[in-house]
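Enquirer: Mind looking over this structure? Questions follow.
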There are 2 protein chains.
Amino acid sequence: MPHVKMSELSPDDLSEIYTFAVQLGKDAGQMLMQAARLRTDDTRASQQQEEHVQKANAVDLVTETDENIEAFIKNQISSKFPTHKFVGEESYSKGSSRQYLIDDAPTWCVDPLDGTVNYIHLFPMFCVSIAFIHKSKPVIGVINAPFLNQFFSSCAGRGAFLNETQPLPLIRNPVPPMPAKAPSGCVFSCEWGKDRKDVPDGNLHRKVESFMNMAAEIGGRGGKGGMVHGVRSLGSATLDLAYVAMGSFDIWWEGGCWEWDVAAGIAILHEAGGLITTANPPENCETSPIDEVKLGSRLYLAIRPAGPSANETGRESQERTVREVWKRVRHLDYSRPGA
Amino acid sequence: MPHVKMSELSPDDLSEIYTFAVQLGKDAGQMLMQAARLRTDDTRASQQQEEHVQKANAVDLVTETDENIEAFIKNQISSKFPTHKFVGEESYSKGSSRQYLIDDAPTWCVDPLDGTVNYIHLFPMFCVSIAFIHKSKPVIGVINAPFLNQFFSSCAGRGAFLNETQPLPLIRNPVPPMPAKAPSGCVFSCEWGKDRKDVPDGNLHRKVESFMNMAAEIGGRGGKGGMVHGVRSLGSATLDLAYVAMGSFDIWWEGGCWEWDVAAGIAILHEAGGLITTANPPENCETSPIDEVKLGSRLYLAIRPAGPSANETGRESQERTVREVWKRVRHLDYSRPGA
């Protein structure tokens, strides 16, 4: 297996990698949950937790749990597939650059703990996220949210699943089209993130202006009011994508997160039938092509799986929704070396 | 039991009511989950779901599931405790007025389905909420979120629990004090709600201005920047309160919801050691007394359970946090007859 040419990944190769990834996600999720339980059970663990809370204002809070789980995942992968590349959130945090490193080589892209703030506070929306990337495309995704008992997995061409048995999206007989007046009728998921500089026309202001446009009544905001059905913020980009794949969130729009936050979610969303493109509106929202998202772009707009209606294919209703979102959101400013 | 004078509720009476409420919450949660599963399993159920989504823009979307479960709960209560009053979300929706009806009589206050929008979209943050109110105080609370496998319960003087075994708050050896620089370091939960009128200085604008103040960097927003650790919006007031009781959310601030949305959560939060008062800042945020919330006020500010530090009691750190929130939020305008 280590010596196979990854450009010629056979169905058996893919099966072996998928089986391995699923088990890895289960083991890592168990480590995460064990570490969480420790903090609720004994005094020593609670002191540790208090220290974590003290660090709460840090821009990029990194816990020991993060590092331990990433080391475990990295070791497991390098034992099983020594030729594969590894890109992990913790490795990046320690490095000086956040250059985009994923190329055509077979690569694992891992966030050992997505939703770190949630995890610190024991809000259940945290997870481990593992993606296998082949020729620059996420083809296998595993997301384990152990406090929620929710395990998401997918393999290119083989479907996406909740808890290995329920196919995604959950509502599928038939899969509903996007609402006729989307974003009205849609659950809109978005994140406030860590970039909270109070700069006029900075990212925070642009984000909140966009949230307001999506939320306000039809006719409001100079015609931009989208009257979405609900606005949700979970604090986990990975789980946002998992819930878009489930069909629970219709739209997720976000800037600022990284490839390890989204790689597994993108794999699962694709396999479920969702669409993902850039968060930033093009010059012409009506006619611009809707390109596949760039994994390292830090700018994401995801639309749930959608079935056909009398007038449209599912893809057409998704693209219509993308354009309606683009008309209502601001351009965000996130860049990086190498992307 | 039906003939007992409720003003003299004995420990045995309370036990009987608590045992009944817990079983009722389990049965109602099972009904909710069965109805949800139907929508993922067969074509006929999916058509039903599509109709629900069509109604998505309605101000107060009410499903048949809501009504069926409320009828079940109401029947169970009136069979067991025929003298008790019943206040349910569905009964109110059908009536012409939203007058506040809770007085000193023993009363059940029920939301058969909190998080209706989430339920429609099968986002797991929905629940049944059952409170028993004695002398105008919620003394028993039961919240069942079946898709999350999370069951919250409490009885005055007997503790609050997750899944009947884990005492709340989850982190308790010791319970951490509120952060020294709260709201910095806090997870802040808030809701966009249904009131989306784009009126200058209307509730939507006041809410979002408040969210911005809580989120922005320290020193931003003319000194109001709170740099909270995270901003969360779940779309369920009931679960917001449950997560405050768990200790997962440090602060929940909201206007516009109703007593059936919060009664069970308030019972559980109290029993876990949390504080709940009004969302609207008084004239003097520094010195005004911090009164117990009025159940029907539609204005809520909840602070998680907190333990002592070297300098403060837990209550002192909670009150300090209340004042810091009040300094950053706007007055909201929600009223009703009889409150």
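Cβ from N, Cα, C; glycine included.
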Enquirer: With B:Glu89, B:Asp111, B:Leu113, B:Asp114 listed by TrEMBL as binding Mg(2+), identify the candidate in B:Asp250, B:Asp261, B:Asp291 belonging to that site.
Expert: B:Asp261
Enquirer: Output the one of B:Asp111, B:Asp114, B:Asp261 that, of all these binding-site residues, has the highest number of other Cβ atoms within 10 Å of its Cβ.
Expert: B:Asp111
Enquirer: CB neighbours of B:Leu113 (Mg(2+) binding site) within 10 A?
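Expert: There are 28 such Cβ atoms around B:Leu113 (Mg(2+) binding site).
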Enquirer: Quick check: with B:Glu89, B:Asp111, B:Leu113, B:Asp114, B:Asp261 left out, which same-chain residues have Cβ atoms within 8 Å of the centroid of the Mg(2+) site Cβ atoms?
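Expert: Output for this site, in sequence order: B:Val110, B:Pro112, B:Gly115, B:Thr116, B:Val128, B:Ser129, B:Thr238, B:Trp260.
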